[in-house]
Amino acid sequence: MMDRIVMEVSRYRPEIESAPTFQAYEVPLTREWAVLDGLTYIKDHLDGTLSFRWSCRMGICGSSGMTINGDPKLACATFLADYLPGPVRVEPMRNFPVIRDLVVDISDFMAKLPSVKPWLVRHDEPPVEDGEYRQTPAELDAFKQFSMCINCMLCYSACPVYALDPDFLGPAAIALGQRYNLDSRDQGAADRRDVLAAADGAWACTLVGECSTACPKGVDPAGAIQRYKLTAATHALKKLLFPWGGG
């Protein structure tokens with residue numbers, strides 16, 4: 001196996017340039033090195049000005065989302081050896097404003113996420129002495145896969161609807177709202193309806209499915225969105241047929 005590989009890294013330094021450029025770096029190559037290891041080597045040994053996000057290095061925190069050879073990937077879970085003989089082109093996630101180099105502005109996602117109330121909503125609280133809220137394995141399975149989301153935002157980078165319409169609520173936010181709607185302990189489905197069923201919510205999705213393909217945790221946001229469309233349509237039909245109490 002080759003012992004070196006070239007990484008072409010997108011650089012954007014707003015104080016000295018008006019648009020991103022690419023800079024090539026040659027880094028050591030071992031089978032164990034992820035793209036994040038290559039970037040860390042560049043920062044530590046070749047160019048300390050390179051900026052990028054990372055935290056856990058284990059594909060859990062979701063911090064290292066980037067565009068690698070054109071695909072939305074976690075840099076910590078994507079290996080340099082898979083791109084031999086190179087080069088490996090590393091760019092920021094798409095559909096987000098670039099702050100510097102590989103660092104993007106995620107404030108739009110962070111502002112939208114609370115709107116779906118991604119937490120357990122209870123309108124009645126049983127006495128503490130009644131104990132915890134118990135679930136059967138089947139009740140857990142109903143929402144478990146959607147709870148695996150790590151907020152890496154790769155689904156937003158992959159989503160053609162979000163690329164065209166930044167007002168779109170987006171795959172992860174809708175899937176997380178649906179995660180709690182499907183939780184037997186939650187009572188907040190009606191509280192989320194105005195946001196999830198809005199024109200910029202689930203109905204804006206055109207079911208391209210790139211979000212589900214991009215998810216590093218196997219979450220199916222596209223499936224969650226289509227299921228919610230059915231829920232929203234059923235509710236709307238009930239309201240039409242039974243306006244005095246259609247739920």
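Glycine is treated like the rest: Cβ placed from N, Cα and C.
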Quick check on the annotation: Swiss-Prot has Cys149, Cys152, Cys155 binding [4Fe-4S] cluster, so which of Cys205, Cys215 does it put in that site too?
Cys215
By DSSP, what is the split of the domain '2Fe-2S ferredoxin-type' (14-94) into helix, strand and coil residues?
19 helix, 22 strand, 40 coil
Given the binding-site residues Tyr12, Tyr228, and counting only Cβ atoms in the protein chains shown, which has the most within 10 Å of its Cβ?
Tyr228
Close in space, distant in sequence - Cys76 ([2Fe-2S] cluster binding site), Cβ under 8 Å, 6 or more apart:
Ala34, Val35, Leu36, Trp54, Cys56, Arg57, Met58, Gly59, Ser64
Let me know how many other Cβ atoms fall within 10 Å of the Cβ of Cys211 ([3Fe-4S] cluster binding site).
31
Using DSSP, what's the helix, strand and coil tally for the domain '4Fe-4S ferredoxin-type' (140-169)?
17 helix, 0 strand, 13 coil
Using a Cβ cut-off of under 8 Å, list the residues of the same chain at least 6 residues beyond the domain '4Fe-4S ferredoxin-type' (140-169) that approach it.
59-65, 67, 72-74, 93-96, 106, 108-109, 112-113, 115-116, 175-176, 178-180, 182-184, 195-196, 198, 200-202, 204-206, 208, 210-221, 224
